[in-house]
Every structure is written in structure tokens, then in C-alpha cells.
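This report concerns only the one structure given below.
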């Protein structure tokens, strides 16, 4: 699943708004995965702006029950092993095949079902335990061969573990076959989980519905009685009963269709039966019933289709459907493994909590992550859609064909799909230069979250179902993918991909753990991969590598220590010694073999005139240099000795080290000041990020220092923004479009009056009826500029755009921008939207994000959350992850100890089940900013005064 958007949300919450003002990023919807996101939101310009606007919605066993077994395992790492304390279903029976029939009722939002489960009996048994949630079971029958075991067995339900136990008197002996048949009813809920309803507007403005599914991680049990664990794979035969004019979809192609009587007494309907699936996990099952339009391509050896509800322009699915066909062909060749299903369907769902979901052969998406309108959406939206589609299709092999054994191995799915989406995107669109932006996107997302004490290992112990959603985050996605990038560099890409092919061949249709992947890579490379990489997946955090120099011996001394943004590492937290691939760049090239294996070591270099650690930033660590070496590296950048990745990564490291007290903040300000001649978009993306991070940490400080920081930003970016301009030509490349958008927005955020005037001029023409007056790449920036500098007139116009715009991308951009308005009455209007009928539950966080960009909004958000917390708990159940996203949005922008205490006091008497990790991360982020301000407030003011930024007249109201 593509969170909506984890890579963005974690950096947002950890650092405050991650990027400066940009509309290209606004047009991009993580994440997701949550937050998803999330990303869902990706590489695009100015992630600070997008992050201030949205959060990634991420998707989605107690020892108390005797009917379940506790998965205890020996402690092999000095801490809790990932399987220790895990409670799963008993092993006395194993599902082999499900025959499932469902009839949804789109009038009263209920459904009726029958499931027949074929079982292998492993141990002598008088009970069968399986998962159910919010399902009413009406009849149960157990047979073994031709023997009726019971037609009315005893049923008992454990609400805490979401388990129904079927008990009977006769013993079914080990080695037998058994069959469990149950009839049941359920609710087509509005929680975007299990079998649920999703709404759209009909041609006359009436509300219409489809029935759809979201099973991951543990909501198959909400749809039908099932053995809802990833390792309990079985095959499925699905039958859907529906009105004859409705489209029915499932994982497989249609086997047969016949006329039947409705179980609801609604006359004759059609029963559509699909072919039997391969062995698969329950969380990958999917079925959809509703009115749908379709676009299809035959450019792959099996049909590839995109579906959408009638209110959408199905031609907007053309980019995704053609990309999917090419991607499936590319993956077949890359993995040397045929896509095993007879078709690939992708569906735009109007209500969807994540960014997308990789259901085998029937991938579901948010509308904005599948449908693309070249005329109204910008370059970053196109790139986001490409990333999401290629991410989900990578899952068809990595996750679907080969599946993690349990949720602690989630990173095997998400980390690889994330890495593979960038790998394939680079192959298809080399001009996008995605590996350059990987350093400022995925790597920084991972390093940001993992610098908090409240982070977790890549392989994290998971015990209960309500814990799973919290690990769909930047650790599983971004850090997981960074570990794979690191090992691919270490082994060589060709060797790495050969190991992947061996892994897929050996474990097809089975389940694996991380050690299985390491074994396959070791087999392909002849290296002990597990010994090197296991430390990275089983331990939290990463090191800061400090570099000192000895000119006499022409050597460097390198030492690693745990890095925490709060700068308060305790001795017991600094015990892990990571194998650090130093990747030393000199004038002679890059030495990839140099590795720091212990705490510290000396390495002799031929020449200390020029060197840099962590070439291209493929290693997962921060590098701390002396101020003198940092200055030399800045000079080396101007001479062209550093790659784009090196320059962007160096700025990111310097900024993170300043924020955490390893260096002074004046040092990063001086470093940035030396990059005015920089020519590359990705480096400017990181420059604007670091300025935004500082300004967000200083957001509650006195006005003079805030104005001085704004003046510094304006001085740094305005000339470049004016030189690039904000007019777009047909000849503008993908990156150039994003570059223009980035600097247009960043300069506006700094109060550049020329750009503010240009934005108002565009907006006035737009409101007068010229829809082309605002280029799609600038739409979000223009909206935000006029909201921050205008009033009710501008607010009403943009709110109307949200209500009337034709496509979801335009609507989301408008909704995301509204929080930028600062007048008290407009803030209250914005806060009235999330819980109103005007905003879909999936988008509840969109109007909130912009409020995090100014102090009045931050404080109003916090009050709104407190006043409405009971409503939020009821509307967003903790187990479904969206509440965690909202809590983080409403708490993570504070910067003071007293504000942190207020948050702690509020939650002290409340249950934080389902969002405790997200809350802890927010509190860690606030603590880090508070410590930063105490250390460096005077340092920053002195530097700004010394360099003439105090007292400069600010332009605009930004």
C-alpha cells in the first residue's frame, strides 16, 4: 500500500513544515501511504508547502485468550525479538480455500454473505478459531468429508482479539479435511475499512454509491469470517451478486455469470463468479460493485484497465493505464518472473484512506493518485502518480507473490516497493533524475523520523492488530528503501537484482522473513549480507559520523555515535555499532570499500585537499565535519567537484546537525549564503527546506528575528526566482517546471513584492473567467499568496473553487490552501470544514495543514482539536490511523516547553491507544525545537545582525 504519504508526514511532524511555498508540490497528493503520507505525498518542489498543507494518511494479539497461541521466541538480539509476545490464531487447522459469496445492498448499506472454508486439520481438534469484526453470523456448519460434525456448534466471541471460536463435541482427527460453512451479514460501513461504501455525485447532483474494499492490514475480518493473518495463505473463489447494470470486479477475471434471486427480495440479479485465485493472503483480497467507466490498453500480454465512477473523465486514466502496461512488462523482465494473474485492473475510489492499495490484480487508488489531466495538473502531480502506480505494481511480486510472514516484516513489502518505484521511474523517465531527488526525499524522510527517540526499528515487534497501522510510516517505507539502496550500492546493482530474482523464485506463493532476503542476496554475491545488514533492520536509529583530520599523516579519524535530534543521547542508547559504508570521494574517484566497523578508526587518504564522506549519500547517517572542512566543501561545490546528491546531502546534514546542537545554526546560514550561484533544482529544494525548517522552529519568537530570517530568505532566492521566471513554455522540461514553481513560491513566502503582485494579477484574471491565467504548476502557490495577503474576497473565491472545480487535484489544492488565511473569522471558517459534510472523511486533514504555517493557526488548531476530541475519536477510530494523523497535525508545530506540557496534560487522562507512537513523535519534535531555540537563539540573532538582515523592510504580509 502507498501510504498517503509517509515520507512527507514524518518529516513534517518531525521538523515542522518541511518545505517552502510551492504549488507544484501542492498539486501532488504521500501519506499516504499517511499519510498516508501517504506520500501517500513527491520529489516535487517545495515540500515544505505541501507538508504544511497535508499529512500522509497511513494505512492500514493479546495473550488473554486461551484459544490463541503466543508466538514466543528466543531473544537473539539483546532485546525483544520481533516474534516475542505475538499472539496469533492457533495452528490446529489451516485454511486451504475460501468460496465466498456476497450481495451488497447499496440502498440500506448492508450486505449478506456465505463463506465455505476448506481446511486442513493439523492437530486433533474440537474447535476452530478465526477472525471476525462487526459481522453477525447467522448459521454455522462443520463437516469433515461426508461426516457432519455439527450443524449448530457453540460460538464464542472475544472482542479484544476480534476472534470467533467455533466449538463442537466430535473430534476431527489430525490429517483430515474439514469444511466450515457460515452465513453472515455485515454493514457497508463509512470507515474506509473492510467492505465499505464510497460516494460520488450523479449527473443530477444526487449522491450515489459503490461498494469497495480495503483489507490491509487486518480488515478482511471486517468483511467476512477469515483466518486474517498474512502467513495463512489460501485460494479464493469469489461470487458477487448485484443489479445487472452494475460492474463487478475482483482479483481474478470472470469465470461465469448467471441470473439469481436476490437474497434481499429485490427480484432478479446477476451472480458474477470469478476464477480461483492463486495462494494469497487475506489482506490482498478485493471486490468492488458499482457503476464504473473503463479505459483499457492491450500493450501488455494481459489486459490492463483503469476504472472510475461516472462523474470522472475516464480519459484521465490514459497516462496510468499505459504506464502500468509498460511497468508490468519491465518488472517481468527485471524479475525474470511472469505476472501470474490474467488481468490487471486499477480503480479510482472516491473515498480512500491511503494513497493506494496493491490488491493482487485489482489495485485501488485515491482518485488523485490515478487520474491525471495534463491540462489542469502540474509536473509534480504526474511524477507522484507515476511513483504510486509503479510502487503498487512492484507489490504484485514483492508482497503479493512473496509475502512477509507477519507485520513486523512490513518493510519487506513497503521498502522494496518504494525502492523499486524509484528504480523503474528512473528507467522510464531518466530526464526526471529521480535518484538525485531521492537524497532530499526518501533519505531525509527516513533520517528525520529516525532521529527521534520515539522512532522504532525497521523490524518492529507487533503484538496486536491496533498496533499495525502505526508502523506504516517513514521507517518501513523510506528507511526500508534506503537500506535496500545502500545494499544495492554495496553489492552492485546487477548482483543485487540477481539476488532479488533468486528470492522471488525460491519463495513464490510463500511467506518470508528478512533473513530470507539476506540469504538470497548472500547467495548471489558470495558475501555475508545478513551479518552486515541485520544490524540496520533490528536496531532503532542511525549514527552521526564525526570526521577529524591529521594533516601530518594525511589521514582522517572517523567516529560514530547515535544521533538524536534532541541532542541528549544517553550512554545506554549509544551501544549499537553500525557497519558504516564511508564511500570516500576524492579527486581520484569514490572508494566504496572503506567501511567503519567499530566505534572509531583512522583511514589514510592520499590527499586531504579534497575529500568527502558518504559519496552521493547512499549511506544512512549524518556526517559532521569541522567548520573549516565544511567551508572547503562549499568551495569544492563551486568548483564542480561534488555531485548534485553530494551538495544537497551536505546541506541536509549541516541543517540537521545545527538543529540538534552538533554545530551552530549560524554555520548553516553561512553555508546557504554561499549557494546563491547554485544551478540545480534538487539542491535548491534542500536549501529552501533548511530555511523553512529554521523559520518554523522560530515561528513563536519575536517579530524582529522572524522578519530578519524572512529577509535572509528573500535575499537568497529572489534573484534566482526572477531570473528563472514564472512563465511556462512548451519547451520547459519536467525539472525546469518544478524549479520555477519552487522558487516562485519560496520567494513569495519571503515577501517578494514583485511575485506577490504577479500572483494577484493571475488570480484576478482567473476569477474573471480566464482559467488559464494560473498555470497548474503555480496554482497552489498563487492561492496561498492571495490568502495570506488578501481577505474574505479571496477566501470566498478559493472556497468556491473547492466546491465547483472539475477534478480532485484542483479541489484538493484549493482546500489545502484555505488555512493560509489569518483573519480570525477566516480561521474559524476553515476549522468548520473538516467535520462538515463538505469534506470527505479521507480529506479531513487537508484544510488543517495550512493553519500550521502561522501562530494564530497553530494555536487555533490545538484548541479545535481539544474542543472536538470526542467527536474526532468517534469519527476516526484509533485503529484506522487517521486520528493519529490529525493529532500530529494539531500538536507538532509548537516550539516551547510550556506548549509541550499543555499537550502532555491534555492526553494524560485520555487513552492514546492507536496513536501513542504518533503523539510521542510530536512531543519529541517539540522538545527538539525547544532545545534548539535555547541553544542557538542568540547565535542566530547575532549572525543576522552581523550580515545586515535586521531592520530590512519586509514586503507583503507573508
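Note that Cβ sites are derived from N, Cα and C of the backbone, with glycine treated the same way.
Copied from TrEMBL, the annotated features are:
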DOMAIN    94-284  domain 'Aminopeptidase N-like N-terminal'
DOMAIN    319-536  domain 'Peptidase M1 membrane alanine aminopeptidase'
BINDING   391, 395, 414  Zn(2+) binding site
ACT_SITE  392  active site, proton acceptor
SITE      477  site 'Transition state stabilizer'
DOMAIN    610-928  domain 'ERAP1-like C-terminal'
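If you measure from the Cα atom of residue 414 (Zn(2+) binding site) to that of the residue listed as 'active site, proton acceptor', you get 9 Å. Residue 395 (Zn(2+) binding site) sits 13 Å from residue 477 (site 'Transition state stabilizer'), counting Cα to Cα. Here the C-alpha separation of residue 477 (site 'Transition state stabilizer') and residue 391 (Zn(2+) binding site) works out to 11 Å. Taking the Cβ of residue 414 (Zn(2+) binding site) as centre and 10 Å as the limit, one finds 30 other Cβ atoms among all the protein chains shown. Remark: of the binding-site residues 391, 395, the most isolated position is 395 (fewest other Cβ atoms within 10 Å of its Cβ).
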